[in-house]
Amino acid sequence: MDEARRSRHLALERMEKAAHRLKQENPGTQTSHILSLTMVELAEKLKEGSLSPESVLYSYMDKALEVNREVNCVTDFIHGCEDQLQKLKKQKEKGLLYGIPISIKDHINCKGHISSGGMVKFLGQVKEEDSVIVQVLKHQGGIPFVKTNIPQTMINYDCSNPIFGQTLNPLNPQKSPGGSSGGEGALIAGGGSILGIGSDVAGSIRLPSSFCGLCGLKPTGNRISKQGVISPLIGMQSVTGMLGPMARDVDSLALCMKALLCQEMFQLDPTVPPIPFDEQVYTGSQPLRIGYYEGDGYFQPSPSMKRAVQHTRKLLQDAGHTLVPFALPKIDYVVDELFTRGIFSDGAAHLVDCFKGDIVDPNLKSQYNTYRVPALVKRILAIILKPIAYRTEFIAKWRELRLDVILCPALGPAFNHGYAGKLFAATSYTNLYNVLNFPAGVVPVSVVTSADEEELERYRGHYGDPWDKRLKEAVSGAVGMPVAVQCVALPWQEELCLRFMKEVEALARGTKRNV
């Protein structure tokens with residue numbers, strides 16, 4: 001553990017030196033101008049040559065170091081980024097992500113670096129090659145430059161581990177950035193990265209996006225390659241984890257997906273269906289038929305979560321879309337049976353085994369104690385057929401209502417520190433779509449108001465049990481923090497999901513006229 005901390009310290013020192021050197025080689029760089037550009041604008045300027053990849057990389061390295069000093073989100077400097085810069089100069093064609101600096105979640109393999117998973121077990125295992133996703137990002141001209149922090153095991157939506165410590169939310173240090181892609185959320189929200197790659201098993205892209213005011217997409221399970229990613233979980237049958245992008249706006253997510261869904265990825269990982277990005281669907285403008293729900297019937301939404309859906313529903317209706325109420329079938333069964341048992345289909349035995357010789361992070365203690373109960377091991381069986389039956393029922397209801405997409409709450413606002421590990425069941429809003437294996441994304445639409453905070457005083461929850469009480473405590477004191485909604489489409493319809501997210505984003509920002 002000490003060795004890992006020392007390695008990080010040296011890596012960050014190396015990063016500072018590299019940033020300083022690039023700064024001297026590129027005098028007159030307008031760092032604040034570079035950092036203010038959207039990713040689409042930045043990509044255009046890099047492609048036309050009005051900005052150099054060196055000046056952009058140095059600007060983001062410098063900013064990432066500054067953000068890291070404040071919120072502790074970077075675990076490693078990907079020193080190969082300097083080689084990647086040199087390779088870019090020799091590339092004949094400029095890829096879609098030419099010169100774009102990209103942050104990578106800790107457990108996604110990068111050649112010459114460890115993927116710790118926040119656990120002692122994985123330390124010292126230096127990876128010999130890049131994961132497929134990192135190879136494809138580089139092929140498209142992207143420059144992976146840092147790895148970011150995660151919670152121990154990644155089966156938690158806070159962002160703390162005994163090796164690298166606690167990551168804070170840059171919008172409010174008293175709040176969690178969410179997880180498990182919390183380092184990504186904190187770094188992007190703090191302005192130290194323009195595009196990040198996270199992963200999502202129960203909401204791990206969508207929750208930090210919600211907590212940090214970002215856009216994040218969880219694609220269908222196998223739309224993007226997962227080769228070269230470490231995990232302390234094995235044998236997940238009814239829950240599908242996946243990799244996906246996180247950024248400040250929806251266009252950035254779309255550009256990233258377009259770049260990833262290329263021949264290079266389909267060749268490197270033939271198990272990924274060779275479906276390129278459908279630009280026509282993403283840029284479509286026909287009115288949508290949108291199902292919606294304000295609560296899932298399992299965890300009562302916080303006042304701001306509910307208001308965000310109501311407000312967005314009205315904006316969409318006024319813009320000419322059709323909104324249809326949607327009642328979730330059997331949500332208790334999904335959370336208690338399909339998700340909880342499905343994620344630990346080996347009775348959490350492998351996960352518990354991974355803790356040998358490790359310290360359990362305080363934020364994970366209550367969860368970890370549950371995993372060690374022998375009764376759990378006896379009770380849990382691998383579930384393969386049940387989610388298929390539930391998915392069939394869910395899609396039948398979707399078809400009956402002739403829906404294109406669904407609008408629903410995203411858990412939030414950002415929790416106070418220490419609550420995520422005690423409220424794992426509150427991921428019901430996001431983990432449903434891991435069980436169903438539907439693409440789902442998060443878009444910020446509002447901020448918590450003092451009226452929301454007042455209404456929270458009267459929050460009782462559906463059951464009035466300790467979990468409901470905890471949720472109330474977890475989200476309190478969040479005035480001014482971002483509030484998001486979740487947008488969902490059917491499997492393999494990422495482009496439609498993104499198109500819907502773009503619609504919501506434009507309406508929430510007041511930049512869209514009626515359809």
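From the backbone N, Cα and C atoms, a Cβ is placed for every residue, glycine too.
Per TrEMBL, the feature active site, charge relay system maps to Lys105 (among others). Around Lys105 (active site, charge relay system), a 10 Å sphere centred on its CB holds 26 further CB atoms from the protein chains shown.
Residues near Ser180 (active site, charge relay system) in space but far in sequence (CB under 8 A, at least 6 apart, same chain), listed by position: Lys105, Ile150, Pro151, Met154, Ile155, Asn156, Tyr157, Cys159, Gly198, Ser199, Val201, Ser204, Pro208. As annotated by TrEMBL, active site, charge relay system applies to Ser180 (among others).
Annotation source TrEMBL lists active site, acyl-ester intermediate at Ser204. Other C-beta atoms found within 10 angstroms of the C-beta of Ser204 (active site, acyl-ester intermediate) number 34, with every protein chain shown included.
The substrate binding site annotation in TrEMBL covers Met154, Ser180, Val201, Ala202, Gly203, Ser204.
If you look up TrEMBL, you'll see 56-498 marked as domain 'Amidase'.
Note on Gly203 (substrate binding site): other Cβ atoms within 10 Å of its Cβ, all shown chains, come to 31. Other residues of the chain with a Cβ within 8 Å of the Cβ centroid of Met154, Ser180, Val201, Ala202, Gly203, Ser204, the substrate site, are Ile155, Asn156, Tyr157, Gly179, Ser181, Ser199, Asp200, Ile205, Leu207, Gly241, Thr427.
Cβ neighbour counts within 10 Å, taken over all protein chains shown, single out Ala202 as the most crowded of the binding-site residues Val201, Ala202. Our reading of the substrate binding annotation (Met154, Ser180, Val201, Ala202, Gly203, Ser204) yields a largest Cα to Cα distance of 11 angstrom.
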